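**Q** Okay, so Swiss-Prot annotates it like this:
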BINDING   V19, D40, K45, Y70, G84, A85, T106, A123, A124, N125, S148  NAD(+) binding site
BINDING   Q87, R93, N125, P126, V127, D128, D153, S154, A155, R156, T234  substrate binding site
BINDING   R158, H173  beta-D-fructose 1,6-bisphosphate binding site
ACT_SITE  H180  active site, proton acceptor
MOD_RES   Y225  phosphotyrosine
Amino acid sequence: MANIEKDHQKVILVGDGAVGSYYAYALTLQGIAQEVGIVDIFKEKTQGDAIDLSDALAFTSPKKIYAAEYSDAKDADVVVITAGAPQKPGETRLDLVSKNLKILKTIVDPIVESGFNGIFLVAANPVDILTYATWKLSGFPKERVIGSGTSLDSARFRKDIAEMVNVDARSVHAYIMGEHGDTEFPVWSHANIGGIKISEWVKAHPEVKEEELVKIFESVRDAAYTIINLKGATFYGIGTALARITKAILDDENAVLPLSVFMDGQYGLNDIFIGSPAVINRSGITNILEIPLTDHEMESMHKSAKQLKDIVTKAFEELDIETRQ
């Protein structure tokens with residue numbers, strides 16, 4: 001890693017759209033990293049955002065924020081990729097595959113050529129497929145290529161459960177796993193409120209109906225569509241999730257977060273990036289937590305993985321993209 005050992009933490013953000021600009025804002029507000037470079041093809045807008053963000057520093061903490069070039073990634077600790085074609089109303093994340101794979105190659109190649117030796121964090125959609133593509137295009141070790149995965153989905157899940165039972169969302173422990181998209185699934189078997197399983201909570205609180213739990217998951221799964229139809233894009237939630245992941249990396253936290261990670265036998269899956277709880281620190285992914293799933297949950301995991309694998313295989317064949325591994 002380039003700078004973490006020196007107590008100077010540097011992030012390069014590629015993509016200054018709605019998600020990227022809010023992510024940079026979240027880093028600024030939370031005092032994460034000492035240096036943030038922003039790369040985008042719309043350079044004037046990026047320069048404006050860098051100046052605007054810098055104006056907030058007197059209220060937050062010292063930081064260097066600037067419009068960057070790909071070459072600035074050379075000594076960065078983390079490169080965060082949010083650039084890509086946006087998801088339109090009525091469009092699934094998987095509809096974006098071919099467009100965003102082409103864009104991704106134009107990003108990863110110059111980043112690698114800069115001499116970058118840190119961690120890739122991918123948020124562009126479809127995130128599981130683009131994380132896999134970043135790994136293939138970069139030639140980086142699988143531990144140092146990470147996708148935002150189901151981090152936002154799990155946060156939504158916890159928040160909605162918390163609202164239903166009237167507790168703090170931070171006291172709810174629950175995961176969404178699989179694809180960040182239509183085939184994701186809730187891990188009800190391990191969901192708990194302060195250590196009490198959801199199933200036990202429902203028994204003890206008759207006012208909580210099991211049908212409400214089903215509606216909660218459907219709301220979580222479809223949240224992006226709802227938000228996009230209402231305001232055109234999602235960015236506050238995912239920008240904050242990316243800031244949380246970045247902090248876990250830079251501060252060497254060994255945090256357990258639901259991320260898009262490379263499967264090497266876990267859950268019976270191989271050669272795919274998919275959402276699962278994993279331990280993350282400044283080295284990247286150090287351990288994938290293989291949660292004991294029910295038969296139904298395991299079936300859902302494999303269904304999700306099959307869809308992702310089928311699409312990524314087809315996309316790479318059709319686009320004939322040259323990779324480094």
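Keep in mind that glycine also has a Cβ here, set from the backbone N, Cα and C atoms.
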**Q** When you put D153 (substrate binding site) at the centre and draw a 10 Å sphere around its Cα, which of the recorded positions G84, T106, A124, H180, Y225 have their Cα inside it?
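**A** The recorded positions passing the 10 Å Cα test are H180.
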**Q** Find the shortest Cα-Cα separation between K45 (NAD(+) binding site) and the binding-site residues N125, V127, R158, T234, and name the residue that gives it.
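**A** It is T234, whose Cα lies nearest.
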**Q** By CA distance, which of the recorded positions (V19, S148, H173, Y225) lies nearest to Q87 (substrate binding site)?
**A** Y225
**Q** Check the DSSP secondary structure of T234 (substrate binding site), expressed as helix, strand or coil.
**A** coil
**Q** Please tell me which one of the recorded positions listed here (A124, S148, A155, H180, T234) sits closest to H173 (beta-D-fructose 1,6-bisphosphate binding site), measuring Cα to Cα?
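**A** Checked the recorded positions A124, S148, A155, H180, T234; minimum Cα distance to H173 (beta-D-fructose 1,6-bisphosphate binding site) goes to A155.
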**Q** What residue among the binding-site residues K45, R158, H173 has the most other CB atoms lying within 10 A of its CB?
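**A** Answer returned by the neighbour count: R158.
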**Q** Sorry to bug you, but what's the C-alpha spacing from H180 (active site, proton acceptor) to A124 (NAD(+) binding site), rounded to the closest Å?
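**A** Counting only the Cα atoms, the answer is 11 Å.
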**Q** Filter the recorded positions A155, R158, H180, Y225, T234 down to those whose C-alpha lies within 10 angstroms of the C-alpha of S148 (NAD(+) binding site); answer none if the list is empty.
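**A** Correct set: H180.
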**Q** For a quick check of packing: other C-beta atoms within 10 Å of the C-beta of T106 (NAD(+) binding site), how many?
**A** 11
**Q** So which of the binding-site residues is most packed in, judged by how many other Cβ atoms lie within 10 Å of its Cβ, out of N125, T234?
**A** N125
**Q** Spatial neighbours of V127 (substrate binding site) among the recorded positions V19, T106, R158, H180, Y225, defined as Cα within 10 A: which are they?
**A** H180
**Q** Can you tell me how far the Cα of T234 (substrate binding site) sits from the Cα of G84 (NAD(+) binding site), in Å?
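**A** On Cα coordinates alone, these residues lie 14 Å apart.
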**Q** Nearest to Y225 (phosphotyrosine) in three-dimensional space, by Cα, is which of the recorded positions V19, G84, A155, H180?
**A** H180
**Q** Please identify, among the binding-site residues V19, G84, T106, the one with the smallest Cα-Cα distance to N125 (substrate binding site).
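**A** Of all the candidates listed, G84 is nearest in space.
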